[in-house]
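Some features that TrEMBL has for this protein:
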- 1-21: signal peptide (SIGNAL)
- GLU115: active site, proton donor (ACT_SITE)
- ASP256: active site (ACT_SITE)
- GLU349: active site, proton donor (ACT_SITE)
- GLU370: active site (ACT_SITE)
- THR473: Ca(2+) binding site (BINDING)
Amino acid sequence: MKHPCLALCILIVLSIRNVFASRTYTKNDLNKLRDEVKEMFYHAYDSYLKYAYPYDELRPMSCDGIDTYGSYSLTLIDALDTLAIMGNYSEFQRVVDILSTKTDFDANINVSVFETNIRIIGGLLSAHLLSNKAGAKVEPGFPCNGPLLRLAEDVAKRLIAAFDTKTGMPYGTVNLRYGVPKGETPITCTAGIGTFIVEFGTLSRLTGDPLYEEVAMNALYSLFNHKSPIGLFGNHIDTNTGKWTAQDAGIGSGVDSYFEYLVKGSILLQRPELMEMFREARKSIDKHLKKDDWYMWVSMTKAQITLPVFQSLEAFWPGLLSLIGETSNAMKTLHNYHQVWQQYGFTPEFYYITQNEAGAGKESYPLRPELIESIMYLYRATGDPFLLEAGEDILRSIKHSAKTPCGYATIKDVRDHRTEDRMESFFLSETTKYLYLLFDTDNFIHNQGQHGTLINTPNGECVINAGGYIFNTEAHPIDPSALHCCYNTPNDVLVDFKEFDNNQAMYRGIQLLKKKMPKKHQNEKVEIVAPSENVTSVSLPLSVAQNESSLGEAEVTVSDPPTNSFDAQQMLERLRGENKYPKNESWERNFELLGCKAQKFLQRLSIMGEVFN
């Protein structure tokens with residue numbers, strides 16, 4: 001038997017080593033790391049413009065471009081709000097001008113409903129809301145009016161036909177011109193059903209059309225009502241029958257952003273019923289999936305472990321927990337995930353927890369952002385210097401092994417760091433953005449109500465740019481205060497939880513305008529912020545006139561015209577009339593769910609869209 005005193009001494013020594021393991025970062029250190037990330041971003045962004053534009057993605061080893069999701073210059077749209085966050089307002093304006101020449105997304109191509117929503121609609125909405133901050137030209141009636149908002153709504157109108165199913169859960173694919181393709185499979189992944197409320201809710205609040213938010217909420221209610229008897233959600237479901245076709249339950253691929261949007265949609269739109277759905281799901285997740293601060297994959301009906309793996313996509317979870325104040329549990333899980341990164345220099349798509357090794361055939365790392373996303377959120381919540389070290393680890397790995405003369409390449413195998421000729425658009429939208437925000441602690445995105453901008457709208461004065469930004473799952477930030485500018489809300493109402501029941505329609509923005517901004521307000525003035533002088537400019541290699549197809553038709557995946565035209569309003573009225581998934585009124589009124597120690601500011605901001613002391 002070992003001497004207990006010796007064991008205690010060893011434990012104390014190890015504890016001391018752990019306490020002092022993290023280095024100290026000065027402001028100068030952080031600025032240098034921030035600038036390294038900016039250099040990384042521009043190496044990839046400039047290469048996209050030079051070699052790949054107007055295609056969707058850059059091929060960083062071939063130094064050319066390829067269309068992947070719809071031939072709409074995806075990387076350009078995905079990277080737009082990152083330009084604003086990094087302070088390059090002149091280039092932001094240049095790209096906005098290019099996109100603004102596009103009047104619609106009419107094209108005979110089949111696209112992913114999920115990907116188009118998070119990347120295109122999310123990117124356009126975020127850029128629209130940041131236009132004022134970036135000193136771009138804004139139309140009268142901003143933020144309830146503008147070319148990028150109109151483009152985002154045009155795309156949403158083309159996607160909305162996917163929700164016309166027996167369950168209200170959407171198909172996975174639509175044709176941008178003709179709607180759901182003939183013979184399209186009704187089987188969709190869980191994330192493909194539950195990842196619309198942030199973008200669609202924002203659209204409804206800005207345009208005054210309740211269609212988008214109601215359809216997204218109906219899909220969420222439908223999905224929640226199809227959970228298993230033990231409260232778990234499978235991976236794929238038939239949207240016509242409601243029958244699960246893939247019954248593995250987890251928090252990763254095919255499911256992840258469903259849970260993310262329950263939390264973020266709840267905070268952004270002041271819908272406590274979404275937080276209640278998350279809490280219910282979380283109980284089952286902790287009971288059946290969580291093992292030693294890892295999360296397994298199990299059978300959704302019997303909770304038997306089916307896959308003892310950690311997926312790289314699951315690394316978003318600690319960051320999500322931080323949004324509801326669960327920083328302690330989040331840090332424990334994050335340490336597990338960071339150890340995998342340290343083992344290989346990257347996180348493989350699959351990592352077998354029991355064998356401590358990358359999964360066969362799943363050894364790649366496509367420059368995913370999820371781990372750095374959680375690190376950024378948790379550093380903002382805790383200030384733990386370990387998280388800066390972990391972020392620097394990620395920066396060093398990508399610079400060392402993924403950099404090519406024309407961008408940054410996917411790591412094909414984390415074990416030997418071989419590369420693959422692809423750079424997905426989320427590298428510029430998410431990975432570089434979260435890294436930059438980790439080290440740029442004074443960025444306006446981190447504003448917690450210290451300052452804002454007062455503007456005039458057809459509905460009176462309104463505060464925007466007051467912080468508390470909610471990122472969609474593609475890291476496109478949405479300004480929650482701006483959502484209160486497009487409907488009538490008195491500015492002198494004091495927040496009182498006792499009055500929520502009587503005023504919840506006002507607090508949640510349900511008093512939407514029936515139509516867009518009246519013509520009589522077209523000439524009203526809107527205050528704008530002057531652009532920063534300390535910006536760099538990157539010239540686009542080709543003009544819009546030279547590249548009329550930059551957001552246009554792809555040469556593949558076409559569909560025949562449908563026999564019947566689709567009527568979105570008719571679908572909405574049908575969903576309202578059927579009321580298959582009645583709302584839980586007690587959940588809808590439980591606004592106290594939205595308050596937590598980590599998110600007090602977000603709670604108050606999103607309720608009234610005002611700045612509080």
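Placement of Cβ uses the backbone N, Cα and C atoms for every residue, glycine included.
For GLU370 (active site), applying a Cβ distance below 8 Å and a minimum sequence separation of six or more within one chain yields SER312, LEU313, GLU314, ALA315, PHE316, GLY319. Sequence-distant neighbours of GLU349 (active site, proton donor): residues of the same chain at least 6 apart with a C-beta under 8 Å from its C-beta are GLN311, SER312, LEU313, GLY359, LYS362, GLU363, SER364, TYR365, PRO366.
Within 10 Å of the C-beta of ASP256 (active site) there are 25 other C-beta atoms, taking all protein chains into account. The candidate set comprises the recorded positions GLU115, THR473. Of these, THR473 has the most other Cβ atoms within 10 Å. For the pair formed by the residue listed as 'Ca(2+) binding site' and ASP256 (active site), distance between Cα atoms is given as 10 Å, rounded to the nearest Å.
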